[in-house]
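Structure record follows, encoded as structure tokens.
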Amino acid sequence: MMFKQYLQVTKPGIIFGNLISVIGGFLLASKGSIDYPLFIYTLVGVSLVVASGCVFNNYIDRDIDRKMERTKNRVLVKGLISPAVSLVYATLLGIAGFMLLWFGANPLACWLGVMGFVVYVGVYSLYMKRHSVYGTLIGSLSGAAPSVIGYCAVTGEFDSGAAILLAIFSLWQMPHSYAIAIFRFKDYQAANIPVLPVVKGISVAKNHITLYIIAFAVATLMLSLGGYAGYKYLVVAAAVSVWWLGMALRGYKVADDRIWARKLFGFSIIAITALSVMMSVDFMVPDSHTLLAAVW
């Protein structure tokens, strides 16, 4: 029973979601030549760091979690694990994860993990989430870190491919997160969390969602234009983006915003999974003949 509680406090669903993006970034950079020990070290290292961040987040948010229907039964809220024990647990997970990334992957992968962790725990969870409508924007940077870590674990450098991944996954986070805030509107309102739909209204949030999906669509195409991914990826990326944008535009005419937002959220997961799979299998080696190479 205790094992289940220690697992739950790490938010395994979030860990799994991040692993999909780590794998996408790693296999994109590997280009068919997979270093399996490096692959395992990277996956486990990122999983431990994400788990650590989630436990710290649970510790920090335990007061507002009590006010939200979705989170009122979390382990720390119910007192199934003490706050002091959770801090020790989170610290140990983080140390193990960072060590694995440093020694098993490379220092760059580790430092990217540190930056993502600091943004999520130190900037987003401790301050921005409670005090700023821009909390989601800041948090999106940490959400994009796993894909970039996976990529840089292979390359050992932050190149244009890593920058494109950072853009794709950061931009994806925004409509994904705003959709959650819309269908969980009352929860966020009750906890006084200043997310965009609560502060500016759902209509404004819909405008932002549409704009971010357009920006996301452009970013996804950059992988192919830069010569990092092939035409199969390009077709899937375009199809996913157009469909997601269509869903967003239909939001202006729906009768029930909550049902629409839940569907938009659900498709966001399908979208990022499809892109991660396609960049894993339809990779390319960039050369000087690509459009982006010519521009840059």
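Positions of Cβ are set from backbone N, Cα and C atoms, glycine also.
Among the ranges 160-178, 198-216, the stretch that Swiss-Prot annotates as transmembrane segment is 198-216.
Both Lys31 and Leu101 carry the same topological domain label in Swiss-Prot, so the record keeps them on one side of the membrane. Confidence annotation: the topological domain 'Cytoplasmic' (127-197) carries a mean pLDDT of 96 in the model. Same-chain residues lying 6 or more positions outside the transmembrane segment (38-56) and placing a CB less than 8 Å from one of its CB atoms are 9-11, 14-15, 18-19, 22-23, 26, 30, 86-87, 89-91, 93-94, 96-101, 104-105, 109-110, 113, 116-117, 120-121, 125, 142, 146, 149-150, 153-154. Put simply, of 10-28, 108-126, 229-247, 269-287, the stretch with the most CB pairs closer than 8 A to the transmembrane segment (198-216) is 229-247.
Each residue of the topological domain 'Cytoplasmic' (1-9) gets a DSSP state, and the totals for helix, strand and coil are 7 helix, 0 strand, 2 coil.
Shown for the topological domain 'Cytoplasmic' (57-78): DSSP residue counts in helix, strand and coil, namely 8 helix, 0 strand, 14 coil.
Taking Cβ pairs closer than 8 Å, the transmembrane segment (108-126) reaches residues 42, 45-46, 49, 52-53, 56-57, 60-61, 94, 97-98, 101-102, 135, 138-139, 141-146, 148-149, 152-153, 156-158 in its own chain, all 6 or more past its ends.
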